[in-house]
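Asks: Below: one structure in structure tokens.
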Amino acid sequence: MSQILTAPQAEALHKAMLAYLSVINAPQTAETLREELHFDESYNEATCKKFEGVLEKKWTGIARLQRRINDLEAEVRSLQAELEASPSAARAKNQDPTNWLPKPSSTHTLTSHRDAVTCVAFHPVFTSLASGSEDCTIKIWDWELGEIERTLKGHIRGVSGLDYGGQKGNTLLASCSSDLTIKLWDPSKDYANIRTLSGHDHSVSSVRFLTSNDNHLISASRDGTLRIWDVSTGFCVKVIKSATESWIRDVSPSFDGKWLVSGGRDQAITVWEVSSAEPKAALLGHENFIECCVFAPPASYEHLATLAGLKKPPPATSSCEFVATGARDKTIKLWEARGRLIKTLHGHDNWVRGLVFHPGGKYLFSVSDDKTIRCWDLSQEGRLVKTISGAHEHFVSCIRWAPSPNTDNPDPAGEKAGKKDAVKPSYRCVIATGCADNSVRVFS
């Protein structure tokens, strides 16, 4: 005690302790302590009265100070996050793309659709952006110039999903619709409709190319099935049935195309192995329809492993480790792909409609019917660090990140994600969102 308190401070503390014991009616304990401390007759009733309440005041004072310290530390963290997200901070970091967050105002607002925009997709090489709408059309834009290039007509009901993919040097655009079909469009032939894939028994909700086979794509439908198609022949090569046979709203492949994650009306997320077409895990926890699901890229493994309490992150070569999902229950959930819930992110005030990971791995972006884009920092336990309020004037239905050009690796981090001495990946800091206000917005 002598090393912490001065002699007068120690004496005052002892007197306060004796006074406290007297107040709580513990005379025997007080007398024992008085003898141990060798207090003489100078410690009388008047001294006791003088020190009554001192111990309690110091205790409550410390509690108030601790609360104030906690509040100040939280404020410092918030200000630090804002500082790091500010344009000036970005300049100070030499425009480090790993810390890029979209500005509140969009670079371009693209208007031409006559009904709600439901989906968007970026060309993997060129500055082309495709958007699909309830007006049954697909529009191709130059996102860099903010100009429309062409309108594709062919679907007879609303377009619900889009994706670019296929063989290198022969990129195709796939679209799906409530008209039960999937259509393939060839950009090298002025986006001619080269093939229509039929087989689903209800609306087709989502379509994505598989990188494990350049000729294969996966579709999800309200008929309760996932179907794998050979785009070169137009034939369905595999049908995957959900256990509940309920509406599958979304499907997303892993970066190597070996795994799928799907979710929908039954409120369950399923992880599938493509080669066996068998479910490998069921992720249960949402309380309403699943609207979107996506695998985390290896660049985010470090942060998600910390959230999951793992001693070290999984290898960057592993493609099926973590999953993010959004639902009509207004929440985003982060999962281990084996089925364990890691974190639930609260903040949206309406249905969560779309998710995309920042290729740098640090952030997760989400869009919602609450008209916002929200940015969640995975390095801060999924903390909400930025909200773009009024990103659109109506429900925000979809979000996509522009892929990196001139790369053969679909994962932006690649196998170098775990190497500290590896060269930092380069990628486009561009996102596009679609909305029920009939517009597409580009943030770059």
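From the backbone N, Cα and C atoms, a Cβ is placed for every residue, glycine too.
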Asks: Please identify the range among 60-88, 176-204, 205-233, 321-349 that Swiss-Prot labels coiled coil.
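Replies: From Swiss-Prot, the annotated coiled coil range turns out to be 60-88.
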Asks: Let me spell it out: take the domain 'LisH' (9-41), skip the flanking residues so only those 6+ beyond its ends count, and list any with a Cβ under 8 Å from a Cβ in it.
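Replies: Tertiary neighbours of the domain 'LisH' (9-41) are 1-2, 47-56, 58.
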Asks: Within the repeat 'WD 2' (155-195), what mean pLDDT does the predicted structure show?
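Replies: Value for the repeat 'WD 2' (155-195), mean pLDDT as a whole number: 96.
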Asks: Under an 8 Å Cβ to Cβ limit, what residues of the same chain, 6 or more beyond the ends of the repeat 'WD 6' (347-386), are close to it?
Replies: 77, 81-82, 85, 97-102, 291-294, 296-304, 307, 324-328, 330-332, 334, 392-401, 404, 412-413, 417, 425, 427, 431, 433, 443
